[in-house]
Structure formats: C-alpha cells, structure tokens
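A quick write-up on the structure given underneath.
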Amino acid sequence: MKVPQTLPEARQQIDALDEQIQTLISQRARIAQQVARIKERSGAGDGNHYRPSREAEVLRRVIERNHGPNGGPLSDESIARLMREIMSVCLSLESPLTIAYLGPEGTYTQAAVQKHFGDSVTAKPMRAIDEIFRDVETGAADYGVVPVANSIGGVVNNTLDELVHTQLRICGEVTLAVHHHLLSLTGDTETITKVYSHAQSFAQCRKWLDARLPRAEREVVSSNGEAARRAAEEGGGTAAIASLQAGRINKLNVLAANIEDELSNETRFLIVGKHDPELSGDDLTSIVMTAHRNQPGALFKLLQPLAEAGLDMTRLESRQVRGSVLPDFYFFIDFAGHATDPKVREVLDTVRGEAAFFKILGSYPRAVM
Ligand SMILES: O=C(O)C(=O)C[C@]1(C(=O)O)C=C[C@@H](O)C=C1
C-alpha cells in the first residue's frame with residue numbers, strides 16, 4: 001500500500017482496511033462457533049468453552065508478532081488488548097461467562113476482570129472474598145477473581161485462607177498496575193476533613209496523607225468502590241481514595257492523582273474456577289503445605305526437591321494456621337512449571353511425601369498482559 005499524501009487518500013485506505021478487518025473478525029467469530037461445536041461433539045465442552053492456556057498462547061503470539069516484520073507502531077499492551085477483546089466476543093458466542101469479583105462496581109478487582117476476560121463477560125460484584133468462592137463453588141458464577149497480593153500492602157489473608165479449604169482451582173493470574181486518586185464531589189483538597197478507603201489503599205498512600213491531609217479523619221471501608229460510593233453520597237468535606245473508574249461511576253472529581261507512596265504499585269489477582277488449564281508452555285504452579293512439627297530442617301526438606309530439580313520459585317508466603325496455639329504455618333509456594341509435566345509431577349510427589357499437609361492449588365498460564 002502506498003503512503004497516502006492527502007486526507008481523502010488516507011481515509012480511503014483506512015476504509016479499505018476496516019472492511020478487511022471486519023471481514024476477518026467475522027470469519028474468526030464463525031470459526032469460534034465451530035470450535036464450540038467441535039468441543040461439544042468430542043465431549044470436551046461440558047458447556048464451558050473458556051481455555052485460558054489457549055488464550056495465553058494467542059496473546060503471546062500477538063506480542064511476538066508485534067516485534068517481527070509485520071509489527072507496527074502500537075505498544076504490546078495496546079495490540080494485546082485489542083486481541084483480548086476479539087477473543088472475549090468470540091468466547092461469548094461459544095458460552096457466555098459470569099465472573100464473580102470483589103465489588104462494588106469500580107474496585108480494582110473489577111478492572112482486573114476486564115483486563116483478563118475483556119468486556120464480553122457478565123461481571124458480578126460480590127461483597128466479600130468468601131462469597132466469591134461460594135458463588136463459583138455452587139455454579140452461580142463460572143469463575144471468580146480475587147486479589148491475592150500487593151507489592152506494597154502485602155498478601156490478602158482472606159484469599160489465602162479460602163485457597164486452603166476450597167475445591168476450586170487457580171486457573172490464572174492477572175497483574176494490575178494500581179494508581180490511587182483522591183476523589184471528591186467538591187474541588188478542593190484543603191477542605192477535606194474525612195477520607196474513606198480500603199485498609200490496603202490507606203497503607204499505600206500513608207506518606208501522602210500524612211503530608212497533605214494530616215488532620216483528616218481516615219475511615220476504613222470494605223473496598224475502594226464502597227469508599228467512592230460513600231464520598232458521593234455524603235458530599236462536602238468527604239473524599240475517597242480509589243480508582244479513576246470508581247470516580248467516573250460515582251461522578252467524583254479528581255483532587256489529586258497518583259497519590260500512592262511508591263510509583264510501582266502492583267496488585268496480583270487470581271482467577272479461580274472448576275477446571276484445570278492445560279499446559280501453555282509458560283506456566284506457574286501454586287501449592288500450599290505445612291511442615292511436620294518439631295523436626296529440624298522440616299521447611300528446608302520441603303523446598304529442597306524444588307531447588308534440586310531447578311524449578312524457579314517465584315513466590316513464598318507463610319500464614320499461621322488459624323485456631324492453632326502452636327506456631328503452625330501454611331507455606332504458599334508458586335514456581336514455574338505445570339503439574340502435568342513429568343519432572344514437575346515427580347517433584348510434587350516427593351514434596352507431598354515430606355509435608356504434613358499438602359495441596360496443589362492449580363497450574364495455570366503466567367500473566368501475559
Ligand atoms: O481455541 C479455542 O478453544 C476457542 O474457543 C477459541 C478462543 C479464541 O477466540 O481464540 C475463544 C475462547 C477460548 O477461551 C480460547 C480461544
């Protein structure tokens with residue numbers, strides 16, 4: 001295609017390309033419908049056509065191509081986001097998904113749902129993390145999205161506690177860059193006497209609040225979405241620390257943007273569901289276990305097989321077992337690899353033999369976007 005020199009010429013080329021893009025997207029959607037029929041015929045459907053590993057492969061290839069000879073000026077994130085939406089609409093033709101998430105509307109968890117599943121799912125706000133697990137366990141929702149850790153605020157204990165006992169599997173992860181904003185109906189930071197937010201967000205904006213609003217009362221609420229809702233309801237003198245999305249939903253003004261103390265503030269979310277994702281080629285496995293009591297080197301023995309097999313451990317969290325007087329700890333471990341890989345399976349069998357309690361939480365594709 002020759003480089004256009006005039007506006008009509010450029011628009012003519014764009015019109016021609018749009019027509020091709022539209023034809024191709026429609027063809028792709030028809031094939032996705034056929035994929036659903038093939039899955040149902042082969043018994044692999046069971047009504048659920050979501051395939052996180054396949055989606056990760058598609059997105060990885062999009063990013064790879066973006067750096068190849070046919071790559072363009074769009075960022076990896078932008079081009080992947082477009083493909084994400086195309087897959088989202090294709091999947092909605094196969095089987096529409098309902099995703100339970102930590103509400104109300106406007107939470108960062110809702111943004112994580114959108115980032116991972118795209119816009120063509122029904123996002124269902126829940127009041128608490130345990131309700132999300134129950135909703136997916138009973139089949140009221142197909143998948144759940146829960147926060148699990150923040151780079152500043154640390155782990156989300158409710159999520160870890162639920163993972164120990166649930167029958168659900170971890171099917172995926174999403175990481176989200178989190179930016180906090182001071183939002184209010186009024187337009188002036190100096191007049192704010194009360195700030196609502198989630199405990200983790202207060203922790204992440206503490207220095208800013210100490211410096212700019214040292215006298216304002218801080219009231220912890222269950223989520224940033226709820227904080228924004230209250231600031232909108234109460235008006236004058238109240239503010240919320242929340243996302244831009246929460247501000248938009250509640251028609252609040254941004255009094256101060258990006259007020260988090262650390263610039264790189266990332267939250268990791270997990271997707272939980274009833275299905276085990278297949279191997280995607282770049283996967284993580286999550287396990288939880290406890291060590292035998294009164295055995296010197298018990299934790300070392302649990303970790304040694306992973307190290308000896310050269311498996312890259314990406315995360316280790318400990319959490320005291322609830323109700324235990326003795327210092328018993330659950331160890332949550334993530335490492336690179338998939339539980340169906342024979343080498344990984346062997347390591348897991350060895351660790352299981354060494355542990356007092358052992359559970360595989362899931363193997364799933366590493367976050368692509
Ligand atoms: O390949 C599949 O299994 C599909 O259903 C197609 C498709 C896609 O649009 O590429 C759609 C949904 C799945 O989650 C994965 C991929």
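Just so you know, glycine gets a Cβ as well, placed from its N, Cα and C.
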Exercise. In TrEMBL, which of 7-34, 35-62, 63-90 is labelled coiled coil?
Worked result: 7-34
Exercise. Same-chain Cβ contacts of the coiled coil (7-34) under 8 Å, 6 or more residues past its ends?
Worked result: 1, 86, 89-91, 93-94
Exercise. Sorted by position, what residues of the same chain at least six away from Thr267 (site 'Essential for prephenate dehydratase activity') have a C-beta under 8 A from it?
Worked result: Tyr108, Ala112, Pro147, Ala149, Asn150, Ser151, Thr175, Leu176, Val178
Seminar exercise, completed: When pLDDT is averaged across the coiled coil (7-34), the result is 98
Seminar exercise, completed: Using DSSP three-state counts, the residues of the domain 'ACT' (287-365) come to 24 helix, 29 strand, 26 coil
